[in-house]
Amino acid sequence: MASELINRRHETDQPTADAYYPKPIKPWFTVTRPMRYMLREQRLIFVLVGIAIATLVFTIFPRSTQSTPYSDPFSGYGIRPDESYVPAIQAQRKPSLEYLNRIGATGGKIPLGLKRKGLRVVVTGGAGFVGSHLVDRLMARGDTVIVVDNFFTGRKENVMHHFSNPNFEMIRHDVVEPILLEVDQIYHLACPASPVHYKFNPVKTIKTNVVGTLNMLGLAKRVGARFLLTSTSEVYGDPLQHPQVETYWGNVNPIGVRSCYDEGKRTAETLTMDYHRGANVEVRIARIFNTYGPRMCIDDGRVVSNFVAQALRKEPLTVYGDGKQTRSFQFVSDLVEGLMRLMEGEHVGPFNLGNPGEFTMLELAKVVQETIDPNANIEFRPNTEDDPHKRKPDITKAKELLGWEPKVSLRQGLPLMVKDFRQRVFGDQKEGSSAAATTTKTTSA
């Protein structure tokens, strides 16, 4: 009995086929296995060839910089480098880290062989006077630009030179209707800005300022874009403070003939700040003072374009009132530089963007006489309603926070505008005379 029990215990202790025993640990297995994998089927050769090709590619192609070389759109007008604006992207304040992360930018140097990542930018009113010059700068920087314009005051001719560029797109659209686009930045310039245009359709003007701004702010909120509103010095009305600083609230007539524009812009500023505070939309506000330059509408009623067109046509220069009203005039290139610095900077604003050089209307007329026709006559007419008596920006804030100030004086910039107007005025006249001659021949035949 005892021996039987011993034998059974002995049988129980014998290993079975299904029993699990761990394999002995091989200390170099994690190293030798990948090496055997690489050595089989000539895999190592392919890896070395790939490394060699990549090294060759990144060695041959030069390292790109963060911004593309700038080409001056005013070179055709004869501006020398010291007289024109020079882009100062490197001198601009760095955008916020949150904004850089959202648009996909990264800190540090750009790797070899890679280019700066261009932004997708929409410019409402981009076929207009200021908007088209802004588009030129953005395209030269390497961005993808979408122009949204209803061509009420804009002209296709202002942006036709970009039609063949795959990074340019133009949409005929009125901003009072919503639009959905995937963009990184929104420059909201769309609105009639001359008395002739906004008095022609005042309801349309205030709708563009209010409803159009609401739609663009809504777009910025949906897609996480940064929004820049181009407001105006008209928010100061007929100012009681001179010069005007951004903290001045203005002296505006809410029921005057200019109110559709003045109050519309004031409301647009209110909406912009409400979206910033309530919906965390990144916004910027620029208050633009009188601007002149190539591509201005010839007969838009603004004083500089009026004087230049009248002098070229040998007509009297019409001065309204006693001519002692003052204005400040900045060249369009200076304004565009200020807008871009504001958009890329860290400060909301508002910022005055204008040239603090102040001229009376009579002084401006004399400068136009000196530039075009010394024999041009000056004709006085009754002043228009609600015409501000003084207008001059205090740009201390822009100097300190944006590092911006205008570079082109009136006597430097006016000849460039005259050259553009001369081509368009006499070109139109030649076309008109040719058409008249053709009509006469057809009638006589």
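Here the Cβ of each residue, glycine as well, is placed from N, Cα and C on the backbone.
Feature annotations, courtesy of Swiss-Prot:
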ACT_SITE  TYR261  active site, proton acceptor
BINDING   ARG258, ASN290, 303-307, 320-327, 387-391  substrate binding site
MOD_RES   ALA2  N-acetylalanine
TOPO_DOM  2-43  topological domain 'Cytoplasmic'
TOPO_DOM  65-445  topological domain 'Lumenal'
TRANSMEM  44-64  transmembrane segment
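The structure, with features from Swiss-Prot marked on it.
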residue : record                 : DSSP (3 states)
ARG258  : substrate binding site : coil
VAL304  : substrate binding site : helix
ASP322  : substrate binding site : coil
ASP387  : substrate binding site : coil
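The Cβ neighbour count for GLN325 (substrate binding site), using a 10 Å radius over every protein chain in view, is 20. With all protein chains in the displayed structure included, the most crowded Cβ environment within 10 Å among the binding-site residues ARG258, LYS390 is that of ARG258. The Cβ of PHE307 (substrate binding site) has 27 neighbouring Cβ atoms from other residues within 10 Å, across all protein chains displayed. If you measure from the Cα atom of ASP322 (substrate binding site) to that of TYR261 (active site, proton acceptor), you get 25 Å. Comparing Cα positions, TYR261 (active site, proton acceptor) lies closest to ASP387 out of the binding-site residues GLN325, ASP387, LYS390. Annotation for ASP387 (substrate binding site): same-chain Cβ neighbours under 8 Å, separated by at least 6 residues, are ASP238, TYR320, GLY321, GLN325. In sequence order, ASN290, TYR292, MET296, PHE329, LEU364, LEU414, MET417 constitute the residues six or more apart from VAL304 (substrate binding site) in its chain with CB-CB distances below 8 Å. The Cβ of ASP322 (substrate binding site) has 11 other Cβ atoms within 10 Å, all protein chains considered.
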